[in-house]
Amino acid sequence: MLLYSLDLFGTAVFAISGAWVACRKDMDIFGAMVLAFVTAVGGGTIRDVLLGATPVFWFQDTLYLTVIFASTLFAIALRKWHEKAQWPLQVADALGLAVFVVIGADKALTYGAEPVVAVMMGVLTGCGGGAIRDVLADEIPNVLRNEVYASAAIAGGAVFVFLNSVLGFTLAAVISATLVLLMRLLALYNNISLPRFQLPKINN
Amino acid sequence: MLLYSLDLFGTAVFAISGAWVACRKDMDIFGAMVLAFVTAVGGGTIRDVLLGATPVFWFQDTLYLTVIFASTLFAIALRKWHEKAQWPLQVADALGLAVFVVIGADKALTYGAEPVVAVMMGVLTGCGGGAIRDVLADEIPNVLRNEVYASAAIAGGAVFVFLNSVLGFTLAAVISATLVLLMRLLALYNNISLPRFQLPKINN
Amino acid sequence: MLLYSLDLFGTAVFAISGAWVACRKDMDIFGAMVLAFVTAVGGGTIRDVLLGATPVFWFQDTLYLTVIFASTLFAIALRKWHEKAQWPLQVADALGLAVFVVIGADKALTYGAEPVVAVMMGVLTGCGGGAIRDVLADEIPNVLRNEVYASAAIAGGAVFVFLNSVLGFTLAAVISATLVLLMRLLALYNNISLPRFQLPKINN
């Protein structure tokens, strides 16, 4: 099934991004495995836990673990090329995000979530893994600060949840995933960011 | 129901505190939403996950999300007044903490928790969200370091669990919530802290 | 039962290590309790949540909480001796890790996990608590960076899962726990680390 292949593709891409953060942070091979793992399946795992869909999805299907393992070794082997790989990696990441958002929102709907909650679960599936990766790497999650990453996920999730009830799953998935992909590519191309706002430090 | 209104009130107050931390940390609007969300419902969400009360409480009732969304916009709009708002915010936060502790301990009891576990779940419901907020903001959770925050929650939870078995829910809730509120207000007024203890650095 | 006693022993040791980190980080008594708690039961708690084995294990059996409470007070009282205690603490920690890995892998198997997932759950049970402790203390988890900690857990988990299907639980548990213990002691004695790899900083 195409969606499943894309899901594994997204898993591989997210795993590579996690492994490279581990390299940057001077972790060992185990650290790279863990960061690859949480980046790839962290968002979906939290989604499953919140839904009560336990045991979580990668318990039943170890192909996810195999893909993550292979991707981590691949990322470590090719770590010297990480700079040249930035552009293709981010395009691949955009596709992974699009797929994860659709899968996450769809799973929440099958568990009877309200539309707005289904959108949140899509965003969580797409962005949660990267956020845990950043927390483990002792950084503020990038998704909370930079780029049109979250807004692409939100827009995609909202469009999917709406169209899914009107046009059915397949069309909704294709359209919303395309939307996420286009928003991400446009953002990468233009380096757009959401408006930021700052406060003077509060002593509390 | 009064308790439900107070719960939503606490949700709003915690959301505002989360949104303002996001402002301090130079996050974007999505970051403010996420921090408001985890601060407001993070503790109760972990409680539900540990209890197996899934899907978690805000899946069924999207009024929580609406309140958080509105509070975040409110907090961003009024972020220039955050310093003047410190005192009223902390009083409101004390009320929120009191309500959350009672709700959390009560829910644990209905899931058959031992008394000491029910107290812990009350403390977790009251303090957990703020702790996640601080971790996401790349800080050591404030509750682990400062003020009579946790001790007020522990005292309130213990009194509630004890009185609940003697006097019934309503009286127990009123008395224990009042206790938390008074302890917090006294602490704010006197700036009391628990005794600290320090160690020379260990190299490990 | 011997395994249960060893489990409580490991709980006590991990709690002490958590409490001492809290001391180093200038937290108060509540912070020490929380860090002792998450270090001691954090890994097993996440395991239970992922398995859907909720309410989690320490809800039913408050002896864990009692042990953690007593260990924290003990650690605070003896915090001046932490340097002299480093060597015995690390030996005790190695035993705790060995027991936790076996218990975690075994529990996952009883929930029908695939072998590779059971190994992961063993590693998570043994190493997860320490990782949460480090995140709360605003540090990169030590297990991702240092020593043969994770590899001992992985080797022990893999050997246990394999032998468990061949020789039955008791022999598998004894052999694999001994393996973890020996690997840890050898590592402490020789100060071995897994090969590290570094990358120039990526700007992302």
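Keep in mind that glycine also has a Cβ here, set from the backbone N, Cα and C atoms.
What TrEMBL records for B:6-23 (among others) is transmembrane segment. Packing against the transmembrane segment (B:6-23) from elsewhere in the chain are residues 31-41, 63-64, 67-68, 70-72, 74-76, 79, 82, 89, 92-93, 95-97, 99-100, 103, 129-130, 133-134, 137: each is 6 or more residues past its ends and has a CB under 8 Å from a CB in it.
If you look up TrEMBL, you'll see B:6-79 (among others) marked as domain 'Glycine transporter'. Model confidence over the domain 'Glycine transporter' (B:6-79) stands at 88, taken as the mean pLDDT rounded to a whole number.
For B:30-50 (among others), the entry in TrEMBL reads transmembrane segment. Nonlocal intrachain contacts for the transmembrane segment (B:30-50), taken as residues 6+ away from its ends with a CB within less than 8 angstroms of a stretch CB, comprise 10-12, 14-19, 21-23, 56-58, 64-65, 67-69, 71-72, 75-76, 100, 103-104, 107-108, 121, 124-133, 136-137.
As annotated by TrEMBL, transmembrane segment applies to B:62-79 (among others). When Cβ-Cβ distances below 8 Å are used as the criterion, the transmembrane segment (B:62-79) is approached by residues 8, 11-13, 15-16, 18-20, 23, 29, 32-33, 36-37, 40-41, 85 of the same chain, each at least six residues removed from its ends.
What TrEMBL records for B:91-110 (among others) is transmembrane segment.
Residues or ranges marked as domain 'Glycine transporter' in TrEMBL: B:91-164 (among others). Under DSSP, the residues of the domain 'Glycine transporter' (B:91-164) split into helix, strand and coil as follows: 61 helix, 0 strand, 13 coil.
Look at TrEMBL and you will find B:173-192 (among others) tagged as transmembrane segment. For the transmembrane segment (B:173-192), the residues of the chain that approach it from at least six positions outside its boundaries are 3, 90-91, 93-95, 97-99, 101-102, 106, 126, 147-149, 151-153, 155-157, 159-160, 163-164, 167, judged by C-beta separation under 8 angstroms.
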Structural state census, the domain 'Glycine transporter' (B:6-79) (DSSP three-state): 62 helix, 1 strand, 11 coil
